[in-house]
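Each remark here refers to the structure printed beneath this line.
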Amino acid sequence: MTTSSYFLLVALGLLLYVCQSSFGGEHVCGSNQPNHPNGKCGSKMADYLEEQCEEEEAAHGGTNDARATTGRALSLSKRRGFLSMLKRRGKRNEASPLQRAGRGIVCECCKNHCTDEEFTEYCPHVTESG
């Protein structure tokens, strides 16, 4: 390879790194990083994510009606289904390079503090009611 080819490869590598850093917007966590004081962890995270996803789906004309479920306990089967979806998604992402690099909902929303918008990025796709 010529010098210009090496330069092009290095420049392309740096460009990819900068783009990922700038536009990724995700936090990177270490395994020993403490939880953020305002982060949501464990069952609080699951409950909050479920609430955010229902509101997001209702706002976009989906099948869930957030107003109907506000103020009362959700059915146990619905809660179990949502939690098992989170577990499946976590297991599926364990092998992904992003997960190994310390990214994901626990990193973004427990180890760090994330916004409602960042929470809704982890919601399943909204289904249109028809």
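Every residue gets a Cβ built from N, Cα and C, even glycine.
The secondary structure of Cys107 (disulfide bond), as reduced to three states from DSSP, is helical. Here Swiss-Prot flags Cys29-Cys107 (among others) as disulfide bond, drawing on a curator's inference.
What Swiss-Prot lists as disulfide bond is Cys109-Cys114 (among others), and the listing cites similarity to another entry. The number of other CB atoms found within 10 A of the CB of Cys114 (disulfide bond), across every protein chain shown, is 22.
According to its DSSP assignment, Pro34 (4-hydroxyproline) is coil. Every protein chain considered, the tally of other Cβ atoms within 10 Å of the Cβ of Pro34 (4-hydroxyproline) stands at 8. Residues or ranges marked as 4-hydroxyproline by Swiss-Prot on the basis of similarity to another entry: Pro34.
Cβ contacts within 10 Å of Glu118 (4-carboxyglutamate), excluding its own Cβ and spanning all protein chains shown: 17. Among the features that Swiss-Prot reports, 4-carboxyglutamate is placed at Glu118, with the record citing similarity to another entry.
The serine amide annotation in Swiss-Prot covers Ser129 and is backed by a curator's inference.
The feature signal peptide is assigned by Swiss-Prot to 1-21, with sequence analysis given as support.
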- Note on the structure: Rounded to a whole number of Å, the separation of the Cα atoms of Cys29 (disulfide bond) and Cys114 (disulfide bond) comes to 13
- Of Cys29, Cys107, Cys109 (the disulfide-bonded residues), the residue whose Cβ has the fewest other Cβ atoms within 10 Å: Cys29
